[in-house]
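Enquirer: One structure coming up, written as structure tokens, with questions to follow.
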């Protein structure tokens, strides 16, 4: 016969669960499905009774053993199963039953009484309902309250749908919300690391009165410390009885006299404080990385009803936001791109020295361009180990790479004599010859054949490219407009360029950085 596990399923435990696990599961389920916390819906009442019945059987070792063996604790059903088993073993003429009905005695407790007894609260069984410090009544004759009160009738001043006792170790507390904050950091701060101070406004339990609102509490005489009042009314031959929250103590069962009110929190049980937190940003931290300060959130939160509720403190979650850097961009967490490295035409052809300022390390980066290595406009070169600090599985592992994008600035024109010299030099270069030999249009004979294929050829000399008057004209070709804008931009940039200093450009840069600096890196660059 397959084992019946419906009682275990009600508590959401397995059949092999220990007594402590069953007790813990019952506590959580009873608090979750208690009718007072679910607006006394029919589903919550049914579920609560089912949970209590399951716990009443499974907490008792003898009843649990019977349930595990027979799948029920009903005396009649068990006797039938025993008789059937004996008939199968001894034959059809044997019939006897040694079932002990003593194990089937149940305490006369309602679900509300069982719930109150489990949480060490006073409970008084009643034919109309269960009256306890939880004030759960099945007759639902009045709007019930739900307050946790310990055996001595003491609770704190936090009240919403429930009043929590700060001294009840078995009481379940919800986790409070996290406090979120954004921390803006520059690229240099992420490279070097930093320590920031964060001012946080939060609500904490009063350390003087431990959340009770006073050092001395008095028992409410109206409800005699129960937190509830029972009233009766005679209607002819019938007597109606109902329970409601005590109006004098608010259901707490106790109150604090004015002379005993805690001066630190003024009887509230909590205080608002401003905490200065030290936030450490590790070197190599990334954009949108989280820093979690565990348990630094609010210990008391406000409820929708205007009250306050004690909670498990949430965390302070800080999100790192990297500010935009004008010169560098981070890719793949640890690599850097230098977006604006301008070099002149001569350096791109003949080599030289290029300096990069503003590196997040605070160092001046010196790049030696090898003569003969032509730098094309927009090309990338790699400087190893000059990126951001790199981490692998949380362990620091060197640095990323620095990728430099070169922007070549061309002169407006060259002197004809120098242009002729450059042409003669380039014509005899073996690399130029090899490249020209691979181009179909490099040979002049090809141009001759091209000219012969046309009836007429007009020959012109380029002049200054002047932008047309666009006041009364519409240009439909977007490429022409882009070409004009690019030409004007280059013309303005080259107008500021002093042609007399072209030959002394490298010497000027060396003189510029001759003063002492905090650090100086000299690197060769590699192809990207």
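Positions of Cβ are set from backbone N, Cα and C atoms, glycine also.
Per Swiss-Prot, the features are:
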type: COMPBIAS; residues: 485-499; note: compositional bias 'Basic and acidic residues'
type: DOMAIN; residues: 4-73; note: domain 'J'
type: REGION; residues: 485-528; note: region 'Disordered'
type: REPEAT; residues: 206-213; note: repeat 'CXXCXGXG motif'
type: REPEAT; residues: 218-225; note: repeat 'CXXCXGXG motif'
type: REPEAT; residues: 246-253; note: repeat 'CXXCXGXG motif'
type: REPEAT; residues: 262-269; note: repeat 'CXXCXGXG motif'
type: ZN_FING; residues: 193-274; note: zinc finger
Enquirer: What is the pLDDT of the repeat 'CXXCXGXG motif' (206-213) when averaged and given as a whole number?
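Expert: Summing pLDDT over the repeat 'CXXCXGXG motif' (206-213) and dividing by its length gives 83.
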Enquirer: Give me the DSSP three-state residue breakdown of the repeat 'CXXCXGXG motif' (206-213), ordered helix, strand, coil.
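Expert: Breakdown, helix to coil: 0 helix, 0 strand, 8 coil.
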Enquirer: With helix taken as DSSP H, G or I, strand as E or B and everything else coil, how many residues of the repeat 'CXXCXGXG motif' (246-253) land in each class?
Expert: 0 helix, 0 strand, 8 coil
